[in-house]
Amino acid sequence: MSLKNEYLKELMARVEKRNPAEPEFHQAVREVLESLEPVVEKRPEFVTSGVIESLVEPERIIKFRVPWVDDNGKVQVNRGFRVQFNSAIGPYKGGLRFHPSVYEGIIKFLGFEQVFKNSLTGLPIGGGKGGSDFDPKGKSDMEVMRFCQSFMTELSKHIGADTDVPAGDIGVGAREIGYLFGQYKRLRNEFTGVLTGKGLTYGGSLARKEATGYGLCYFTEEMLNEKGKSLKGATVVVSGSGNVAIYAAEKATELGAKVVALSDSNGYIYDKNGIDLDAVKQIKEVERKRIKEYLNYHKDAEYHEGCKGVWTIKCDVALPCATQNEIDEESAKILVANGVTAVGEGANMPSTPEAIETFISSKVLFGPAKAANAGGVATSALEMSQNSMRYSWTFEEVDAKLKDIMVNIYKNASSAAKEYGHADNLVYGANIAGFLKVAESMLAHGVV
Ligand SMILES: NC(=O)C1=CN([C@@H]2O[C@H](COP(=O)(O)OP(=O)(O)OC[C@H]3O[C@@H](n4cnc5c(N)ncnc54)[C@H](OP(=O)(O)O)[C@@H]3O)[C@@H](O)[C@H]2O)C=CC1
Ligand SMILES: O=C(O)CCC(=O)C(=O)O
(Lines of atoms letter the chains of each structure in order from A and count residues from 1; the text may use other names and numbers.)
(Lines give C-alpha, C1' and ligand atoms only; values in the text may rest on other atoms or scores of the structure.)
(Ligands and ions follow the chains in the order given, each with its own letter.)
Protein backbone atom coordinates (compact mmCIF):
# COMPACT_ATOMS: atom_id res chain seq x y z
CA MET A 1 0.00 0.00 0.00
CA SER A 2 1.15 3.55 -0.59
CA LEU A 3 -0.08 6.92 0.61
CA LYS A 4 -2.49 8.68 -1.73
CA ASN A 5 -3.35 11.82 0.22
CA GLU A 6 -0.87 14.54 -0.84
CA TYR A 7 -0.54 16.08 2.63
CA LEU A 8 0.12 12.72 4.31
CA LYS A 9 2.54 11.74 1.55
CA GLU A 10 4.53 14.96 2.06
CA LEU A 11 4.45 14.52 5.83
CA MET A 12 5.81 10.98 5.48
CA ALA A 13 8.65 12.28 3.29
CA ARG A 14 9.45 14.90 5.94
CA VAL A 15 9.46 12.27 8.71
CA GLU A 16 11.92 10.17 6.69
CA LYS A 17 14.18 13.18 6.05
CA ARG A 18 14.08 14.43 9.63
CA ASN A 19 14.71 10.99 11.15
CA PRO A 20 17.28 9.44 8.80
CA ALA A 21 18.35 5.81 9.17
CA GLU A 22 15.47 4.93 11.49
CA PRO A 23 13.55 2.33 9.41
CA GLU A 24 11.47 0.98 12.32
CA PHE A 25 10.20 4.46 13.14
CA HIS A 26 9.36 5.12 9.47
CA GLN A 27 7.50 1.79 9.30
CA ALA A 28 5.38 2.59 12.36
CA VAL A 29 4.54 6.13 11.18
CA ARG A 30 3.73 5.04 7.63
CA GLU A 31 1.22 2.46 8.83
CA VAL A 32 -0.59 5.02 10.98
CA LEU A 33 -0.63 7.68 8.24
CA GLU A 34 -2.06 5.15 5.78
CA SER A 35 -4.85 4.40 8.25
CA LEU A 36 -5.57 8.10 8.68
CA GLU A 37 -6.40 8.67 5.00
CA PRO A 38 -10.14 8.13 5.50
CA VAL A 39 -10.04 10.25 8.69
CA VAL A 40 -8.54 13.36 7.11
CA GLU A 41 -11.22 13.22 4.40
CA LYS A 42 -13.92 13.51 7.09
CA ARG A 43 -12.01 15.66 9.58
CA PRO A 44 -9.73 18.11 7.68
CA GLU A 45 -9.24 20.15 10.89
CA PHE A 46 -6.73 17.55 12.06
CA VAL A 47 -4.56 18.64 9.13
CA THR A 48 -5.13 22.40 9.24
CA SER A 49 -4.55 22.56 13.00
CA GLY A 50 -1.15 20.84 12.67
CA VAL A 51 -2.27 18.01 14.95
CA ILE A 52 -1.03 15.20 12.74
CA GLU A 53 2.27 16.97 12.11
CA SER A 54 2.78 17.39 15.88
CA LEU A 55 1.80 13.80 16.53
CA VAL A 56 4.74 12.40 14.53
CA GLU A 57 7.25 14.55 16.43
CA PRO A 58 8.16 13.42 19.98
CA GLU A 59 7.53 16.06 22.65
CA ARG A 60 10.98 15.35 24.10
CA ILE A 61 13.92 12.97 23.60
CA ILE A 62 16.35 12.40 26.45
CA LYS A 63 19.63 10.67 25.59
CA PHE A 64 22.32 10.03 28.15
CA ARG A 65 25.54 8.27 29.05
CA VAL A 66 25.28 5.28 31.41
CA PRO A 67 28.69 4.45 32.93
CA TRP A 68 28.99 1.47 35.26
CA VAL A 69 31.66 -0.87 36.58
CA ASP A 70 31.65 -4.57 35.69
CA ASP A 71 32.68 -7.44 37.96
CA ASN A 72 36.29 -7.17 36.74
CA GLY A 73 36.48 -3.54 37.83
CA LYS A 74 36.37 -2.33 34.21
CA VAL A 75 34.32 0.74 33.33
CA GLN A 76 31.61 0.09 30.74
CA VAL A 77 29.67 2.83 28.99
CA ASN A 78 26.21 2.33 27.55
CA ARG A 79 23.69 4.72 26.08
CA GLY A 80 20.32 5.44 27.68
CA PHE A 81 17.16 6.89 26.12
CA ARG A 82 13.72 8.09 27.12
CA VAL A 83 11.39 9.33 24.41
CA GLN A 84 8.47 11.28 25.90
CA PHE A 85 6.30 11.08 22.83
CA ASN A 86 2.90 12.47 23.65
CA SER A 87 1.23 13.63 26.87
CA ALA A 88 -2.11 14.84 25.46
CA ILE A 89 -4.21 12.35 27.43
CA GLY A 90 -2.04 11.63 30.47
CA PRO A 91 1.49 11.25 31.85
CA TYR A 92 3.95 9.52 29.52
CA LYS A 93 3.71 5.76 30.03
CA GLY A 94 5.62 2.92 28.45
CA GLY A 95 8.35 0.40 29.07
CA LEU A 96 12.13 0.35 29.14
CA ARG A 97 13.98 -2.03 26.82
CA PHE A 98 17.50 -3.28 27.56
CA HIS A 99 18.83 -5.02 24.46
CA PRO A 100 21.98 -4.56 22.35
CA SER A 101 19.86 -3.63 19.30
CA VAL A 102 18.43 -0.52 21.04
CA TYR A 103 19.11 2.84 19.37
CA GLU A 104 17.05 6.00 19.05
CA GLY A 105 14.97 4.71 16.10
CA ILE A 106 13.77 1.62 18.03
CA ILE A 107 12.76 3.69 21.05
CA LYS A 108 10.99 6.21 18.80
CA PHE A 109 8.98 3.52 17.00
CA LEU A 110 8.01 1.96 20.32
CA GLY A 111 7.09 5.35 21.83
CA PHE A 112 4.99 6.24 18.79
CA GLU A 113 3.09 2.94 18.92
CA GLN A 114 2.57 3.44 22.64
CA VAL A 115 0.66 6.71 22.08
CA PHE A 116 -2.12 4.94 20.16
CA LYS A 117 -2.06 1.79 22.27
CA ASN A 118 -2.41 3.71 25.51
CA SER A 119 -5.28 5.71 24.06
CA LEU A 120 -7.05 2.48 23.06
CA THR A 121 -7.02 1.26 26.67
CA GLY A 122 -9.48 4.05 27.53
CA LEU A 123 -7.26 4.99 30.48
CA PRO A 124 -5.55 8.39 31.02
CA ILE A 125 -2.00 7.57 29.89
CA GLY A 126 0.19 9.31 27.32
CA GLY A 127 2.91 7.54 25.34
CA GLY A 128 6.62 7.14 26.02
CA LYS A 129 9.35 4.53 25.83
CA GLY A 130 12.95 4.19 26.89
CA GLY A 131 15.84 1.84 27.20
CA SER A 132 19.47 1.16 26.60
CA ASP A 133 21.81 -0.87 24.41
CA PHE A 134 22.90 -2.67 27.62
CA ASP A 135 22.58 -6.46 27.34
CA PRO A 136 21.51 -8.07 30.64
CA LYS A 137 22.23 -11.52 29.17
CA GLY A 138 25.30 -13.10 30.75
CA LYS A 139 25.67 -10.32 33.35
CA SER A 140 25.75 -11.07 37.07
CA ASP A 141 22.99 -9.74 39.34
CA MET A 142 25.47 -7.21 40.76
CA GLU A 143 26.39 -5.95 37.27
CA VAL A 144 22.70 -5.56 36.41
CA MET A 145 22.17 -3.70 39.68
CA ARG A 146 25.07 -1.29 39.08
CA PHE A 147 23.86 -0.64 35.55
CA CYS A 148 20.27 -0.01 36.72
CA GLN A 149 21.47 2.37 39.45
CA SER A 150 23.51 4.39 36.97
CA PHE A 151 20.65 4.42 34.43
CA MET A 152 18.17 5.64 37.06
CA THR A 153 20.56 8.27 38.39
CA GLU A 154 20.01 10.20 35.15
CA LEU A 155 16.46 9.02 34.33
CA SER A 156 15.17 10.09 37.76
CA LYS A 157 15.58 13.74 36.71
CA HIS A 158 12.97 13.31 34.00
CA ILE A 159 10.27 11.02 35.41
CA GLY A 160 7.71 11.06 38.23
CA ALA A 161 4.38 9.49 39.21
CA ASP A 162 2.46 12.33 37.49
CA THR A 163 4.99 13.03 34.71
CA ASP A 164 6.32 9.84 33.21
CA VAL A 165 5.94 6.30 34.54
CA PRO A 166 8.24 3.69 32.95
CA ALA A 167 7.82 -0.11 33.20
CA GLY A 168 9.44 -3.24 31.74
CA ASP A 169 9.88 -4.47 28.17
CA ILE A 170 12.49 -6.76 26.57
CA GLY A 171 15.31 -7.37 29.05
CA VAL A 172 13.58 -5.46 31.85
CA GLY A 173 11.64 -7.68 34.24
CA ALA A 174 11.02 -7.91 37.98
CA ARG A 175 14.74 -7.88 38.89
CA GLU A 176 15.53 -4.73 36.89
CA ILE A 177 12.38 -2.87 38.02
CA GLY A 178 13.35 -3.63 41.64
CA TYR A 179 16.84 -2.13 41.23
CA LEU A 180 15.48 0.88 39.31
CA PHE A 181 12.80 1.54 41.94
CA GLY A 182 15.30 1.20 44.79
CA GLN A 183 17.60 3.78 43.24
CA TYR A 184 14.75 6.23 42.49
CA LYS A 185 13.51 6.01 46.07
CA ARG A 186 17.00 6.56 47.42
CA LEU A 187 17.71 9.56 45.17
CA ARG A 188 14.37 11.30 45.64
CA ASN A 189 13.51 10.21 49.17
CA GLU A 190 9.95 9.47 48.12
CA PHE A 191 7.90 6.30 47.78
CA THR A 192 5.65 6.83 44.78
CA GLY A 193 4.21 4.88 41.86
CA VAL A 194 7.00 6.10 39.55
CA LEU A 195 7.41 2.69 37.92
CA THR A 196 4.98 -0.13 37.22
CA GLY A 197 5.60 -3.85 37.13
CA LYS A 198 6.85 -3.47 40.70
CA GLY A 199 7.15 -6.45 43.06
CA LEU A 200 4.04 -7.32 45.05
CA THR A 201 5.76 -6.49 48.35
CA TYR A 202 6.41 -2.85 47.38
CA GLY A 203 3.41 -1.56 45.44
CA GLY A 204 3.09 -3.85 42.44
CA SER A 205 -0.27 -4.99 41.10
CA LEU A 206 -1.48 -8.55 41.10
CA ALA A 207 -1.85 -9.80 37.50
CA ARG A 208 0.58 -7.24 35.98
CA LYS A 209 3.11 -10.00 35.29
CA GLU A 210 0.49 -12.03 33.44
CA ALA A 211 -1.36 -9.10 31.88
CA THR A 212 0.17 -8.70 28.41
CA GLY A 213 -0.06 -12.40 27.58
CA TYR A 214 -3.48 -12.90 29.18
CA GLY A 215 -4.79 -9.74 27.52
CA LEU A 216 -3.52 -10.95 24.15
CA CYS A 217 -5.56 -14.14 24.56
CA TYR A 218 -8.69 -12.26 25.70
CA PHE A 219 -8.41 -10.08 22.60
CA THR A 220 -7.72 -13.00 20.26
CA GLU A 221 -10.60 -15.01 21.75
CA GLU A 222 -12.98 -12.07 21.22
CA MET A 223 -11.78 -11.67 17.63
CA LEU A 224 -12.30 -15.40 17.01
CA ASN A 225 -15.68 -15.52 18.80
CA GLU A 226 -17.00 -12.70 16.59
CA LYS A 227 -16.45 -15.03 13.63
CA GLY A 228 -17.90 -18.10 15.36
CA LYS A 229 -14.46 -19.53 16.23
CA SER A 230 -12.55 -20.05 19.46
CA LEU A 231 -9.17 -20.86 20.98
CA LYS A 232 -10.75 -24.03 22.36
CA GLY A 233 -9.28 -26.99 20.49
CA ALA A 234 -6.93 -24.76 18.46
CA THR A 235 -3.26 -25.57 17.89
CA VAL A 236 -1.23 -22.50 18.79
CA VAL A 237 2.34 -21.44 18.03
CA VAL A 238 3.86 -18.75 20.26
CA SER A 239 7.22 -17.12 19.52
CA GLY A 240 9.54 -15.91 22.26
CA SER A 241 9.74 -17.38 25.73
CA GLY A 242 9.83 -14.24 27.82
CA ASN A 243 7.17 -12.53 29.88
CA VAL A 244 4.59 -12.04 27.13
CA ALA A 245 5.09 -15.45 25.51
CA ILE A 246 4.90 -17.47 28.73
CA TYR A 247 1.64 -15.91 29.93
CA ALA A 248 0.07 -15.93 26.46
CA ALA A 249 0.81 -19.66 26.34
CA GLU A 250 -0.61 -20.10 29.85
CA LYS A 251 -3.91 -18.34 29.10
CA ALA A 252 -4.29 -19.96 25.65
CA THR A 253 -3.89 -23.35 27.36
CA GLU A 254 -6.45 -22.39 30.03
CA LEU A 255 -8.86 -21.44 27.24
CA GLY A 256 -8.57 -24.93 25.77
CA ALA A 257 -5.87 -24.49 23.12
CA LYS A 258 -2.80 -26.68 22.69
CA VAL A 259 0.39 -24.60 22.54
CA VAL A 260 3.01 -26.64 20.68
CA ALA A 261 5.95 -24.25 20.24
CA LEU A 262 7.99 -21.49 21.86
CA SER A 263 11.29 -19.89 20.82
CA ASP A 264 14.13 -17.61 21.82
CA SER A 265 16.70 -15.78 19.76
CA ASN A 266 18.71 -18.99 19.29
CA GLY A 267 16.01 -21.43 18.20
CA TYR A 268 12.62 -23.00 18.85
CA ILE A 269 11.11 -26.00 20.60
CA TYR A 270 8.24 -28.11 19.29
CA ASP A 271 6.34 -30.38 21.66
CA LYS A 272 3.45 -32.17 19.97
CA ASN A 273 2.00 -33.04 23.39
CA GLY A 274 1.66 -29.39 24.35
CA ILE A 275 4.34 -27.22 26.00
CA ASP A 276 5.05 -27.89 29.69
CA LEU A 277 4.98 -24.34 31.05
CA ASP A 278 6.32 -25.27 34.49
CA ALA A 279 9.51 -26.42 32.78
CA VAL A 280 9.68 -23.23 30.69
CA LYS A 281 9.18 -21.00 33.76
CA GLN A 282 11.98 -22.85 35.56
CA ILE A 283 14.33 -22.43 32.57
CA LYS A 284 13.49 -18.83 31.77
CA GLU A 285 12.25 -17.16 34.96
CA VAL A 286 14.46 -18.93 37.49
CA GLU A 287 17.60 -20.16 35.71
CA ARG A 288 17.67 -17.55 32.87
CA LYS A 289 18.85 -20.24 30.43
CA ARG A 290 18.22 -20.98 26.73
CA ILE A 291 14.98 -22.58 25.52
CA LYS A 292 16.83 -25.66 24.22
CA GLU A 293 17.19 -26.73 27.90
CA TYR A 294 13.54 -27.85 27.52
CA LEU A 295 14.88 -31.10 26.04
CA ASN A 296 16.29 -31.93 29.50
CA TYR A 297 12.68 -32.07 30.73
CA HIS A 298 11.04 -33.61 27.65
CA LYS A 299 13.36 -35.84 25.64
CA ASP A 300 10.72 -36.47 22.97
CA ALA A 301 10.31 -32.74 22.17
CA GLU A 302 12.25 -31.23 19.25
CA TYR A 303 14.70 -28.31 19.26
CA HIS A 304 15.72 -26.50 16.06
CA GLU A 305 18.34 -23.78 15.70
CA GLY A 306 17.15 -20.43 14.25
CA CYS A 307 14.08 -18.59 15.50
CA LYS A 308 12.35 -18.00 12.15
CA GLY A 309 11.58 -21.70 11.68
CA VAL A 310 8.92 -21.53 14.39
CA TRP A 311 6.53 -20.16 11.74
CA THR A 312 6.84 -23.31 9.62
CA ILE A 313 4.92 -25.30 12.26
CA LYS A 314 1.33 -25.94 11.24
CA CYS A 315 -1.10 -24.10 13.52
CA ASP A 316 -4.56 -22.53 13.73
CA VAL A 317 -3.46 -19.50 15.71
CA ALA A 318 -0.08 -17.73 15.71
CA LEU A 319 0.92 -15.45 18.56
CA PRO A 320 4.21 -13.62 17.81
CA CYS A 321 5.53 -12.53 21.22
CA ALA A 322 9.27 -11.94 20.67
CA THR A 323 10.26 -8.80 18.76
CA GLN A 324 9.69 -6.42 15.82
CA ASN A 325 9.57 -7.72 12.25
CA GLU A 326 9.90 -11.36 13.30
CA ILE A 327 7.26 -12.45 10.74
CA ASP A 328 8.24 -11.50 7.20
CA GLU A 329 6.27 -12.11 3.99
CA GLU A 330 7.81 -15.54 3.48
CA SER A 331 6.84 -16.71 6.98
CA ALA A 332 3.36 -15.19 6.60
CA LYS A 333 2.85 -17.12 3.35
CA ILE A 334 3.91 -20.36 5.03
CA LEU A 335 1.49 -19.73 7.91
CA VAL A 336 -1.34 -19.06 5.44
CA ALA A 337 -0.50 -22.14 3.36
CA ASN A 338 -0.59 -24.19 6.58
CA GLY A 339 -4.12 -22.95 7.32
CA VAL A 340 -3.63 -20.34 10.06
CA THR A 341 -6.96 -18.67 10.88
CA ALA A 342 -5.86 -15.96 13.32
CA VAL A 343 -2.75 -13.98 14.24
CA GLY A 344 -2.61 -11.99 17.49
CA GLU A 345 0.42 -9.76 17.92
CA GLY A 346 1.88 -9.94 21.44
CA ALA A 347 5.17 -8.28 20.51
CA ASN A 348 5.34 -4.71 19.21
CA MET A 349 5.22 -4.56 15.39
CA PRO A 350 6.20 -8.23 14.94
CA SER A 351 4.81 -8.47 11.40
CA THR A 352 6.40 -6.63 8.47
CA PRO A 353 4.00 -4.57 6.29
CA GLU A 354 4.20 -7.29 3.61
CA ALA A 355 3.30 -9.97 6.17
CA ILE A 356 0.28 -7.93 7.34
CA GLU A 357 -0.83 -7.51 3.74
CA THR A 358 -0.53 -11.29 3.25
CA PHE A 359 -2.69 -12.02 6.30
CA ILE A 360 -5.34 -9.44 5.47
CA SER A 361 -5.63 -10.37 1.80
CA SER A 362 -5.91 -14.05 2.84
CA LYS A 363 -8.77 -13.20 5.27
CA VAL A 364 -6.75 -14.32 8.29
CA LEU A 365 -8.13 -12.63 11.41
CA PHE A 366 -5.40 -10.17 12.36
CA GLY A 367 -5.07 -8.51 15.78
CA PRO A 368 -2.48 -5.70 15.49
CA ALA A 369 -0.07 -5.17 18.38
CA LYS A 370 -1.27 -1.81 19.58
CA ALA A 371 -4.69 -3.31 20.22
CA ALA A 372 -3.86 -6.93 21.02
CA ASN A 373 -0.96 -6.37 23.44
CA ALA A 374 -2.43 -3.34 25.23
CA GLY A 375 -3.31 -5.44 28.29
CA GLY A 376 0.13 -4.94 29.81
CA VAL A 377 0.08 -1.18 29.80
CA ALA A 378 -3.62 -1.15 30.76
CA THR A 379 -2.79 -3.16 33.87
CA SER A 380 0.13 -0.82 34.53
CA ALA A 381 -2.41 2.00 34.57
CA LEU A 382 -4.45 -0.07 37.04
CA GLU A 383 -1.27 -0.37 39.13
CA MET A 384 -1.00 3.44 39.06
CA SER A 385 -4.62 3.72 40.24
CA GLN A 386 -3.99 1.31 43.11
CA ASN A 387 -0.81 3.19 44.11
CA SER A 388 -2.73 6.49 44.13
CA MET A 389 -5.45 4.96 46.30
CA ARG A 390 -2.86 3.28 48.57
CA TYR A 391 -4.93 0.15 48.07
CA SER A 392 -4.74 -3.19 46.21
CA TRP A 393 -7.29 -5.11 44.25
CA THR A 394 -7.37 -8.92 44.23
CA PHE A 395 -6.01 -10.91 41.29
CA GLU A 396 -9.58 -11.66 40.21
CA GLU A 397 -10.58 -7.98 40.32
CA VAL A 398 -7.61 -6.88 38.19
CA ASP A 399 -8.04 -9.78 35.78
CA ALA A 400 -11.76 -8.99 35.32
CA LYS A 401 -10.94 -5.34 34.56
CA LEU A 402 -8.23 -6.45 32.11
CA LYS A 403 -10.68 -8.70 30.30
CA ASP A 404 -13.25 -5.91 30.03
CA ILE A 405 -10.62 -3.54 28.68
CA MET A 406 -9.48 -6.03 26.01
CA VAL A 407 -13.03 -6.76 24.87
CA ASN A 408 -13.71 -3.01 24.65
CA ILE A 409 -10.53 -2.44 22.65
CA TYR A 410 -11.67 -5.09 20.18
CA LYS A 411 -15.15 -3.55 19.91
CA ASN A 412 -13.85 0.02 19.49
CA ALA A 413 -11.26 -0.96 16.88
CA SER A 414 -13.80 -3.05 15.03
CA SER A 415 -16.42 -0.31 14.95
CA ALA A 416 -13.90 2.39 13.92
CA ALA A 417 -12.77 0.15 11.05
CA LYS A 418 -16.37 -0.20 9.92
CA GLU A 419 -17.21 3.50 10.32
CA TYR A 420 -14.22 4.56 8.20
CA GLY A 421 -14.87 2.09 5.39
CA HIS A 422 -12.48 -0.76 6.25
CA ALA A 423 -14.73 -3.27 8.01
CA ASP A 424 -12.84 -6.19 9.60
CA ASN A 425 -9.45 -4.48 9.14
CA LEU A 426 -8.31 -3.99 12.73
CA VAL A 427 -5.09 -2.29 11.62
CA TYR A 428 -7.19 0.63 10.38
CA GLY A 429 -9.58 0.30 13.30
CA ALA A 430 -6.91 0.36 16.03
CA ASN A 431 -4.98 3.22 14.46
CA ILE A 432 -8.10 5.33 13.92
CA ALA A 433 -9.71 4.67 17.32
CA GLY A 434 -6.39 5.29 19.09
CA PHE A 435 -5.76 8.44 17.08
CA LEU A 436 -9.15 10.10 17.59
CA LYS A 437 -8.94 10.47 21.38
CA VAL A 438 -5.39 11.83 21.27
CA ALA A 439 -6.13 14.14 18.34
CA GLU A 440 -9.31 15.58 19.93
CA SER A 441 -7.30 16.30 23.10
CA MET A 442 -4.49 17.95 21.14
CA LEU A 443 -7.04 20.12 19.32
CA ALA A 444 -8.53 21.17 22.66
CA HIS A 445 -5.09 22.09 24.06
CA GLY A 446 -4.22 24.47 21.20
CA VAL A 447 -0.78 24.81 19.66
CA VAL A 448 1.49 23.51 22.45
N1 LIG B 1 6.36 -6.92 28.87
C2 LIG B 1 5.24 -6.31 28.52
O3 LIG B 1 4.36 -6.05 29.36
C4 LIG B 1 5.00 -5.96 27.10
C5 LIG B 1 5.85 -6.36 26.10
N6 LIG B 1 5.50 -6.11 24.79
C7 LIG B 1 6.34 -6.57 23.70
O8 LIG B 1 6.40 -8.00 23.72
C9 LIG B 1 7.64 -8.47 23.19
C10 LIG B 1 8.32 -9.37 24.19
O11 LIG B 1 8.56 -8.65 25.40
P12 LIG B 1 8.81 -9.38 26.79
O13 LIG B 1 8.20 -10.72 26.79
O14 LIG B 1 8.44 -8.41 27.84
O15 LIG B 1 10.40 -9.48 26.80
P16 LIG B 1 11.32 -10.60 27.46
O17 LIG B 1 12.65 -9.98 27.54
O18 LIG B 1 10.69 -11.14 28.67
O19 LIG B 1 11.31 -11.74 26.36
C20 LIG B 1 11.67 -11.50 25.05
C21 LIG B 1 11.64 -12.80 24.26
O22 LIG B 1 11.77 -12.50 22.88
C23 LIG B 1 13.00 -13.05 22.39
N24 LIG B 1 13.67 -12.06 21.55
C25 LIG B 1 14.02 -10.80 21.90
N26 LIG B 1 14.66 -10.18 20.89
C27 LIG B 1 14.72 -11.09 19.91
C28 LIG B 1 15.25 -11.06 18.61
N29 LIG B 1 15.87 -9.96 18.14
N30 LIG B 1 15.10 -12.16 17.85
C31 LIG B 1 14.47 -13.27 18.34
N32 LIG B 1 13.95 -13.35 19.57
C33 LIG B 1 14.07 -12.30 20.32
C34 LIG B 1 13.84 -13.31 23.62
O35 LIG B 1 14.80 -14.31 23.36
P36 LIG B 1 16.28 -14.18 23.99
O37 LIG B 1 16.10 -14.42 25.45
O38 LIG B 1 17.07 -15.20 23.30
O39 LIG B 1 16.75 -12.78 23.68
C40 LIG B 1 12.78 -13.71 24.63
O41 LIG B 1 12.40 -15.04 24.46
C42 LIG B 1 8.42 -7.18 22.84
O43 LIG B 1 8.15 -6.84 21.49
C44 LIG B 1 7.80 -6.14 23.75
O45 LIG B 1 7.97 -4.83 23.24
C46 LIG B 1 4.34 -5.47 24.46
C47 LIG B 1 3.48 -5.05 25.42
C48 LIG B 1 3.79 -5.15 26.82
O1 LIG C 1 3.33 -1.32 31.22
C2 LIG C 1 3.84 -0.38 30.63
O3 LIG C 1 3.85 0.77 31.02
C4 LIG C 1 4.57 -0.59 29.33
C5 LIG C 1 4.17 -1.73 28.51
C6 LIG C 1 4.90 -1.63 27.21
O7 LIG C 1 6.06 -1.28 27.18
C8 LIG C 1 4.19 -1.84 25.98
O9 LIG C 1 2.97 -1.80 25.98
O10 LIG C 1 4.85 -2.03 24.93
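Just so you know, glycine gets a Cβ as well, placed from its N, Cα and C.
From a predicted model like this one, the values you see are computed outputs, not experimental measurements.
Annotated substrate binding site per TrEMBL: LYS93, GLN114, LYS117, GLY168, SER380, in sequence order. The Cβ of SER380 (substrate binding site) has 30 neighbouring Cβ atoms from other residues within 10 Å, across all protein chains displayed.
Annotation comment: TrEMBL describes LYS129 as active site, proton donor. Taking the Cβ of LYS129 (active site, proton donor) as reference, residues of its chain lying under 8 Å away and at least six apart in sequence are, in sequence order, ARG82, VAL83, PHE85, GLY94, GLY95, LEU96, ARG97, ILE107, LYS108, LEU110, GLY111, GLN114, ASP169. Secondary structure from DSSP puts LYS129 (active site, proton donor) in a beta strand.
Take the CB of ASP169 (site 'Important for catalysis') and look out to 10 A: across all protein chains shown you find 26 other CB atoms. Among the features that TrEMBL reports, site 'Important for catalysis' is placed at ASP169.
The number of other Cβ atoms within 10 Å of the Cβ belonging to ASN243 (NAD(+) binding site), over all protein chains shown, comes to 26. Among the features that TrEMBL reports, NAD(+) binding site is placed at THR212, ASN243.
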When a 10 Å sphere is centred on the Cβ of GLN114 (substrate binding site), how many other Cβ atoms does it contain? 27
Of all the Cα pairs drawn from LYS93, GLN114, LYS117, GLY168, SER380, the residues the record ties to substrate, which distance is largest, in Å? 16
The number of other Cβ atoms within 10 Å of the Cβ of LYS117 (substrate binding site), counted over all protein chains shown, is 28
Enumerate the residues of the same chain, LYS93, GLN114, LYS117, GLY168, SER380 excluded, that satisfy the criterion Cβ within 8 A of the mean position of the Cβ atoms of the recorded substrate site; list them in sequence order. GLY94, GLY95, ASN118, ILE125, GLY127, LYS129, ALA167, THR196, GLY376, VAL377
What is the total of other Cβ atoms whose distance to the Cβ of LYS93 (substrate binding site) is within 10 Å? 28
CA pair LYS117 (substrate binding site) / ASN243 (NAD(+) binding site), Å rounded to integer, equals 19
When DSSP is mapped onto helix/strand/coil, what comes out for GLY168 (substrate binding site)? coil
